[in-house]
Amino acid sequence: MTQLPIIEMRGITKSFPGVKALCGVSFAAYPGEVHALAGENGAGKSTLMKVLSGVYLPNDGAIVVAGKERHFKHPLDAIEAGISVIYQEFSLLPERTVAENIFLGREPTRCGIVDRRAMETEARRVVALFGEAQHIEPDALVADLDVASQQLVEIAKAVSLDAKVIVMDEPTAALNETECEALFALVEMLKKRGTAIVYITHRMREITKLADRVTVLKDGWTAASYDHVPTPDTIVHAMVGRDIGDYYAEPATAQEIGALVLSVRNAGNDQLKNISFDIKAGEIVGFAGLQGAGRVALARALFGAAPFTKGEVTLAGQSARFQSPREAIRAGVGLLPGDRKGEALVLMQSVSDNGMLTARALSNLAGHDKATRFASTTSMDALLRQVDVRAGNFSQEIKSLSGGNQQKTIVARWLSLDPKLLIFIEPTRGIDVNAKAGIYHLMRELARKGAAIMMVSSDLPEVLGTADRVLVMRLGELAGEFARGATEAQIMLAATGEKVGAA
Amino acid sequence: MSSFARYRAAWRLERYAPALLLGIALLIYIAMALGLGQTRFLTPEAAVSILNRSIALGMTAVGQTFAILVGSIDLSVAHLISASAVVSSAIMDGNPAMMLPAAFAALALGAVVGTLNGLLITKLEVNPLIATLGMSLVIQGCLASFYGSFKGSVPDEFQIFAYGNLLGLPISLLVLVMLTLLAWLVLRFTRFGSNVYSVGGNRDTARAAGIKTARIVIASHVICSLYAALAGLYLASRLKSGSPWIGAEGAYDLESIAVVVIGGTILSGGKGGIWGTVAGVIIFSLIDSIFNLAGVDAFAKQVMRGIIIVAAVAFYAVRSKRMAA
């Protein structure tokens, strides 16, 4: 604590039209320390780091680097001040080589000519610091690397820039267990070199393992700041800001679980192998697993977007190997994709139009657009109110709504078609905590009314809290089934395929 | 940990596709000439004449490559070519002493147009299609209203550019080769060239890496316009005077974009290069020659060109989709 911080952010405030993203947040990073920045999605972690890296200009507050106040007007200023940010979505150019990416925008030149040999030598030097196991060829195309190696290139870029502060934004989001361990070792190495690491995450395990200090953001405020690492419960409480008691809905009772709705037998395609499972009416079945384990592929296969090529699928007794989403929707399947803005919403249209989207798509082309076979604007309004979409009025553009209300609108869209099976993919991604509880209760309500619900989520506590049964996927196959009450550790073991006792 | 070391160099068909297409076009041409017994179309002189037919398109397309690689596009090149030809021939007005000032004026005009395009696109954030389309209309309008006072002609000395020979090769072809080499050197070996690819690949990434992206985009547009202005000078030299329609008649805006795309540079930017564009230009010339040999009429030729452009783009799109999967 006697040391001076390398960087200090004081009272940072940043507003966007209609949103106050940060409100007087202060934050400091010391050399050779890992400062964990925790918080729910939308708490302002990423915005704060974008202010630090010069992508956003703060409305108020100061950034102090080595005792001097600085105003970053361009990311270049932040880079020159020794700040490197590794974003969750990498800033790598897939069509360029590793060396070219490491030297992006600052290629060494000799007499105006880019010195490729110097680039490759330096790239080799930096990658060698990471140890022999993590070898990357400097002339490999980034597109040919796996995610972990791409992340390594990002870290190499920061090291080669001689960054004094390296910000890592949820670095383990796309890594498997082994890759995570390798990353943790790297973080320790950087620490020893005196680099300050700002480690953004909401995984308690990583905070406990790596951090020296913890700051928790909530809704753009500093909810708590510790010079030590408190217990996970303390951090979670600061992140959530409420008691967990009624956070998740009650599980289904035996009477609520009804007839068989979905049955899959030995189904597969080029991403899925030998899938067999059932979902009954009134049941919420959670699908856990690592990124790329095949959960989304399975959802897309059931929905006909990337159909099964073998096996048998029945929906309420009818054969249901759908070849297109349209067929699936007709038969009573609804899917709420993980990327709401990209795949589910027409952002510039109204709440009401977004609700009517599928009903209109399946109705007579020449029919009336306000009163389709499945829903009228009046019945849609009622549905929107039923799922508790909060909007000034339903004719306002949906992009002005919060994530939670957008998600509820999509639920209303499907309700108009009275689906037998609803597939939720990452149902609460980018939704704030209180709205999350709303979505969980809504899902339970739908199940009680007789829908079968498949929930794909990477948020393990959410899966455990919501689902009546959990299926774990690994490498395109089902790797385990757990009744309610399973622990996170059990599920992670099944998801990573490691032997019991390894963790 | 072994996963960090995993690296597999994929063989990328689309990287060699322009060369492949060029080879196919060449084979068809040779087969055609042999089949018709017209071996005089297979001499080095014939090759030079095929290339010489595409000087203006070649210059424009090399410039257009910069605009497209940086993630932009330039629709104003055709009218800029006309303007460059008209302005230079008006300034020369038959006087050999005015050749240099005229060339300088044409290039200055190009630099101004390119800078304006770049500023519109970066500072005012106008979509490049609209910005350069607007610029194109403005140039066209100015030409139409001022043409009455532009009664220039090109002195014989200036026509050496288009008709002269050096070491048995047309000077214009040598100039095109030099301009192409220059563009290649810049893109391949300078930091500016790297930055063009980076900005085109992902503007946010480039900015986050500390590249002043606006400057790169503006500079790329200036280069694009300078090459178009040079093409205008060449056409003035070849046609003995500037006419305000030559650019539009040659459809240099759309054709330059077409050959860049056939050459494997992707429209969203960040991937491709000069050699692809060169291949694209030669492919277009060969198609012309093949149809001339076969005696097919101009309309069928146009249909064929259209099909080839669409097929090329579809090919690249399908390939890149497969890569992503």
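Note: Cβ is positioned from N, Cα and C throughout, glycine not excepted.
Where the annotation comes from TrEMBL, it is an automatic prediction and has not been curated.
Here's what TrEMBL has on this protein:
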- B:20-41: transmembrane segment (TRANSMEM)
- B:61-87: transmembrane segment (TRANSMEM)
- B:99-122: transmembrane segment (TRANSMEM)
- B:128-148: transmembrane segment (TRANSMEM)
- B:160-187: transmembrane segment (TRANSMEM)
- B:216-236: transmembrane segment (TRANSMEM)
- B:257-287: transmembrane segment (TRANSMEM)
- B:299-318: transmembrane segment (TRANSMEM)
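Among the listed stretches B:20-41, B:61-87, B:216-236, B:299-318, the one sharing the most Cβ pairs under 8 Å with the transmembrane segment (B:257-287) is B:61-87.
Ranked by number of Cβ pairs under 8 Å to the transmembrane segment (B:128-148), the listed stretches B:61-87, B:99-122, B:160-187, B:216-236, B:299-318 are led by B:61-87. As a quick check, the transmembrane segment (B:216-236) and the transmembrane segment (B:99-122) clear the bar of 3 or more Cβ pairs under 8 A, pairs 6 or more apart, so the two touch. In this chain, the transmembrane segment (B:160-187) lies out of contact with the transmembrane segment (B:99-122); the count of Cβ pairs under 8 Å, excluding pairs fewer than 6 apart in sequence, is fewer than 3.
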